[in-house]
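**Student:** The following block contains the structure, expressed as structure tokens.
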Amino acid sequence: MQGIIVIKCGGSTMDQLPHEFFGAIAKLQEEGKQLVIVHGGGPAINSMLDQVQITPQFVNGLRVTCEDTLRVVEMVLCGSINKALVRRLTQAGAKAWGVSGIDGQTLLAEKTAKPLGWVGEITKADTTIPKAILNQGFVPVIAPLAVSADATQSYNINADVAAGAIAAALSAEKLIMVTDVPGIMRPQADGTKAVVEQTSTGEIKEMIAAKIITGGMIPKVQAALDALNQGVEQVVICRGNASDLVSVCNGEAVGTTVTMNVNQAL
Ligand SMILES: Nc1ncnc2c1ncn2[C@@H]1O[C@H](COP(=O)(O)OP(=O)(O)O)[C@@H](O)[C@H]1O
Ligand SMILES: CC(=O)N[C@@H](CCC(=O)OP(=O)(O)O)C(=O)O
């Protein structure tokens, strides 16, 4: 099997992803690339919560998930978002197969000790289902829900964290985090913001402490570092367009490349 590339599609950009983006995935699949998609859907969850009059609440980019919120998260992610992505991939000529981390106990989790309600900490990512789907010639499209070992409880998992755990378990060569910004942005002396082309553990800690990295970018960079720690070769944060995706898959520098430390990258 060729090296596996995990693509995390953020909810922030899902509605804007052009047909060409999915076409690029179809083409890469045709060329024999082993692609796995893990998706988010934060904004769609927020809008459904709004309809049922629950106010979304986040702590460091993670959703506080009460019982009712969990029901909405599961419905939106495993239902509408997962199926919409499978449809768009299929329209573009890719073969896509949607599942969640609950299916086949792909993502096992325990309740987090943090005061976040039904948010899980992943204890194990099992690659049986993603590999079986890949072996059938399909792109697995995975919703970031996890399940308890006794299968009695679902857990809400941040999609970046789920993607990082799945990429690590698959020993992926790349994890590409597709989002609504061109990479990690850093303010410059002239007041503009520029993409950080390459960053590492120390600089990330410094940017979180300085509140340069905030909100949804926090779990993203933490998941990136965890994935690298667990053997994923490269993590890239970039925008959701076809040319960026193809460039990253072909090893060209686009967006922000996250590495363990600067020396290692040289
Ligand atoms: N330093 C930063 N550089 C870029 N984006 C940042 C930074 N800090 C915070 N963000 C925010 O992180 C967002 C991306 O995270 P998130 O909204 O969770 O996206 P996704 O749904 O793609 O995971 C950006 O839209 C931006 O508002
Ligand atoms: C625990 C937690 O925060 N779960 C996320 C899962 C979806 C997600 O991560 O979506 P994005 O990729 O669009 O952010 C949530 O409920 O929003």
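Glycine too: its Cβ is placed from the backbone N, Cα and C atoms.
A TrEMBL annotation is a machine prediction, not a hand-curated record.
Note that this is a predicted model, so its numbers are computed, not measured.
If you look up TrEMBL, you'll see 4-238 marked as domain 'Aspartate/glutamate/uridylate kinase'. Taken from TrEMBL, the feature site 'Transition state stabilizer' applies to Lys8, Lys220. Among the features that TrEMBL reports, substrate binding site is placed at Gly41, Gly42, Arg63, Asn156.
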**Student:** Please list, in sequence order, the residues in the chain of Lys220 (site 'Transition state stabilizer') that are at least six apart in sequence and whose C-beta is under 8 Å away from its C-beta.
**Tutor:** Gly61, Asp160, Met177, Thr179, Ile237
**Student:** Sort out for me which one of Lys8, Arg63 has the most neighbouring CB atoms within 10 A, since those are the recorded positions we care about.
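**Tutor:** The residue with the most neighbouring Cβ atoms within 10 Å is Lys8.
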**Student:** Give the maximum pairwise CA distance in Å, whole number, for the residues Gly41, Gly42, Arg63, Asn156 listed as binding substrate.
**Tutor:** 12
**Student:** An 8 Å radius from the center of the Gly41, Gly42, Arg63, Asn156 Cβ atoms defines the neighbourhood of the substrate site; name the other residues of that chain inside it, in order.
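**Tutor:** Surrounding the site, in chain order, are Gly11, Gly40, Ile45, Thr65, Val73, Val76, Leu77, Pro144, Asn158, Ala159.
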**Student:** List only the single closest residue to Lys8 (site 'Transition state stabilizer'), chosen from the binding-site residues Gly41, Gly42, Arg63, Asn156 by CA-CA distance.
**Tutor:** Gly41
**Student:** Mean pLDDT for the domain 'Aspartate/glutamate/uridylate kinase' (4-238), rounded to an integer?
**Tutor:** 97
**Student:** In sequence order, which same-chain residues at least six apart have a C-beta under 8 angstroms from Gly42 (substrate binding site)?
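**Tutor:** Counting only residues 6 or more apart in sequence, the Cβ neighbours of Gly42 (substrate binding site) under 8 Å are Gly10, Gly11, Ser12, Arg63, Ala159, Gly216.
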